[in-house]
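As given in Swiss-Prot:
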type	residues	note
ACT_SITE	Y143	active site, proton acceptor
ACT_SITE	K147	active site
BINDING	S27, G28, E29, T30, R52, R53, L92, G93, Y143, K147, L170, R178	NADPH binding site
MOD_RES	A2	N-acetylalanine
REGION	2-25	region 'Required for interaction with elongation factor EEF1A1'
Amino acid sequence: MADKETLLKLREDFKMQNKSVFILGASGETGKVLLKEILGQNLFSKVTLIGRRKLTFEEEAYNNVNQEVVDFEKLDEYAPAFQGHDVGFCCLGTTRRKAGADGFVRVDRDYVLKSAELAKAGGCKHFNLLSSRGADKSSSFLYLQVKGEVEAKVEELKFDRLSVFRPGVLLCDRQESRPGEWLARKFFGSLPDSWASGYAVPVVTVVRAMLNNLVSPGSGQMELLENKAILHLGKDSDGPKL
């Protein structure tokens with residue numbers, strides 16, 4: 001990771017480019033933190049949320065955030081919502097427990113892939129995909145299989161730059177109840193960092209890694225960041241607060 005002085009310069013250089021961004025999944029745990037950090041760092045000239053419902057915010061910092069409400073079952077009809085964005089962040093996701101196996105596949109694979117296709121067609125140059133540690137299209141575990149399938153399909157779209165993030169267990173206080181994740185967070189949260197680094201990461205660290213990677217020069221058409229790389233890239237890099 002670049003030192004703080006270099007990182008600050010990279011951020012300032014990025015701001016001068018007056019780029020626009022869209023966020024998918026801004027109502028989720030990672031998406032909420034991502035939006036807050038993007039606004040706090042003032043990285044983009046235009047910020048757009050794309051989702052199935054309009055979100056409400058109380059803070060003034062959110063006043064200029066644009067929102068596009070779409071029907072994910074009919075995304076082709078909402079292609080204009082994906083046009084004119086330089087950068088895209090996809091934090092969409094649900095669980096098999098909440099949506100059932102078919103619903104999970106529909107959201108985590110079909111919605112994500114169609115959104116990526118529309119973003120590519122709409123001119124998006126840099127697509128950032130939140131995936132998962134262990135993602136593998138050949139996995140016998142549905143969750144990891146779907147994540148791996150999406151990664152492969154999005155890579156085929158040939159964005160100018162594709163950044164895929166594979167965090168482990170996300171350490172946060174979810175509003176949505178996920179008992180398995182809760183137990184894992186309690187377990188990994190009690191371990192020394194050196195032990196947990198391969199398996200868990202705070203959400204805010206994931207988000208800061210995403211943004212630090214964003215403003216840094218790309219390392220190729222596709223960048224794959226595993227949990228340890230995310231921890232390294234996102235640590236000790238506090239941005240401005242709202």
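Don't overthink the numbers, they just go from 1 along the chain as shown.
Just so you know, glycine gets a Cβ as well, placed from its N, Cα and C.
Beyond the region 'Required for interaction with elongation factor EEF1A1' (2-25), the same-chain residues lying 6 or more positions past its ends with a Cβ under 8 Å from any Cβ of the stretch are 31, 34-35, 38, 41-51, 68, 81-82, 84-93, 112, 115, 119, 124, 130, 212, 214-216, 236-237, 239. Fewest Cβ neighbours within 10 Å among the recorded positions A2, L92, L170: this applies to A2.
When the alpha carbons of E29 (NADPH binding site) and the residue listed as 'N-acetylalanine' are compared, the span between them is 27 angstrom. Summarised by DSSP class, the composition of the region 'Required for interaction with elongation factor EEF1A1' (2-25) is 12 helix, 5 strand, 7 coil. Taking CA atoms as the reference points, K147 (active site) and S27 (NADPH binding site) are 20 Å apart. Annotation note: L170 (NADPH binding site) sits in a strand segment as assigned by DSSP. Cβ-based neighbour count (10 Å, all protein chains) for R52 (NADPH binding site) stands at 11. Ranking the recorded positions S27, E29, Y143, K147 by how many other Cβ atoms lie within 10 angstroms of each Cβ puts S27 at the bottom. A separation of roughly 14 Å, to the nearest angstrom, links the Cα atoms of L92 (NADPH binding site) and the residue listed as 'active site, proton acceptor'.
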